[in-house]
Amino acid sequence: MEVLFVLIGLMLLTVIVMAVGDKIGLPWPVLLTLLTAISVFVYATFSSGEFEFAVPADLILPIFLPPLLWALARKTSWGVIREQWMTILALSVLLVVATTLAVGFTAWAFMPGLGIAAAILIGAAIAPPDPVAVEAVAEPAGIPRRIISVLQVEGLFNDAASIVAFHLALEAVTSSGQMHAGQAVMRFLYSAAVAAILGLVVGRVSSWFIGAVHEVVARNALTWVIPFAVYIAAEELGASGVIAVVIAAVELHSRAPVQAEDRLSGQSFWETVELLFTGVAFGLIGLTVFSAVDAVGADLWHAVIVGVILSLVAFLVRMAWMYTFYLINRRRGKPRLAPLRRQEVLVMSWSGMRGLVTLALVLSVPSGLSFYNELTVIALVVLLMTMVIPGLLLPWLMRQLDITTYSQAATDKMRATITSRARKAGIAAMRSKYEELDPDIAANIAQWFEDRLGEDEDGEDATTRMKMAIEARELALAARTTALAGAQQELLRLRRDREFNPMIVDEVLVDVDRMSLGAKKRG
């Protein structure tokens, strides 16, 4: 009952803190983490009893990662992944390896008696920025969509490399064996290959099944079950559940024959899931602070100092890597990549926030190991240094660097291009199918389409209703529906195109979907 009480309380607190965060202009996940940590300390200080709450460590990743990764992956596309293959290799794999080695070596140097395998274990746990933390903090802070897109692609895949390295190191620590680089590479290649195949198969089969199901609720329910199923299946095969979930989500959303109603209801559903699961995840981080501090005892300040040092090492490695990537991007000359300016190097380095994955990996370490208590405090200090402090300062940093103005023009230009192409495709589809349509009616529909696409409202004004109130109203409504369907098909095609940011395409698609549902209701 206590677990249920805490979880419901965290969900309620999530909604409240989100509203407060929007009001004061600070990232709500960071505020939630601070609030839960402070609440536990206050409770422990003034209450005679001890606060004990723990989710089994082996359940944290299987419970939270699948739905949160799915919610993020459905926002990207194969076009983005194809264009950013170098980002995936450089940031999601090589940067994770470099950070693991740098942090591991530093931990080995500052923690007497720590073996090489244990040092690599610590480095692997700290190495990956959390996609959930980045997504939850970056967008409210005003980071441009182009940069968020790169951070999302990095975050979707970087957990795979770190989890493989972590488990290899953990096996070596618990069995007193040795780690081998060749073994790590082969394990990662097997994990990635099997996960990718599994994700593709599940995505294609699921898209066929969704096409065969006619009930909207059932189709949305299926998308809720798939992430957990594919994650567990991949882990049972010794593959990466992270990669399997991401590939399945992208494949399903690129193939499934979903309609406007599916997209709108699915979007609302997954936004709610993402909000509540993110809130509970960040709340759990805050709840672990007191027990970790209480358990470490006299080694507290040594663990805090080591945590600060490891955080600085991780930040410096990321900044050096991002600067190198910035130089490479300048030579590639692709305006949709990031970083493209020195200011963006700092923002993307600042956005390397550790979160749920780091905490879950650390908590999965057997408590009998000599460095367990210190490791938990170190991880929480890293979360404080890389997520809480940067998250609170990120809105201020964005204002100082003036990146938003520079990138907003490119975003507006892309949105205008997408909207224009959707309009032209819709009008062309209408005129192609209804050649006999009265020219005045066709002109009215075309004007309605021009006026409405891109606006928040999907209704008709009085003038348009009067013009449509003629004998050919049914034909006009059918023509309008055809125009909207043509626009939807063009937007779905643009979503697969690597030249367009799928998040911006989705914003325009939402407008068209609302117009389509409105037209059907009036028909």
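Cβ coordinates come from backbone N, Cα and C, glycine included.
Annotations in TrEMBL come from automatic prediction, not curation.
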Which range of 156-176, 345-365 is transmembrane segment, per TrEMBL: 345-365
Winner by Cβ pairs under 8 Å against the transmembrane segment (85-110), considering only 29-46, 188-210, 300-324, 377-398: 300-324
Considering the transmembrane segment (273-294), which listed stretch of 29-46, 53-73, 188-210, 230-252, 300-324 counts the most C-beta pairs under 8 Å: 29-46
Result, the transmembrane segment (53-73) in contact with the transmembrane segment (230-252) (3+ CB pairs under 8 Å): yes
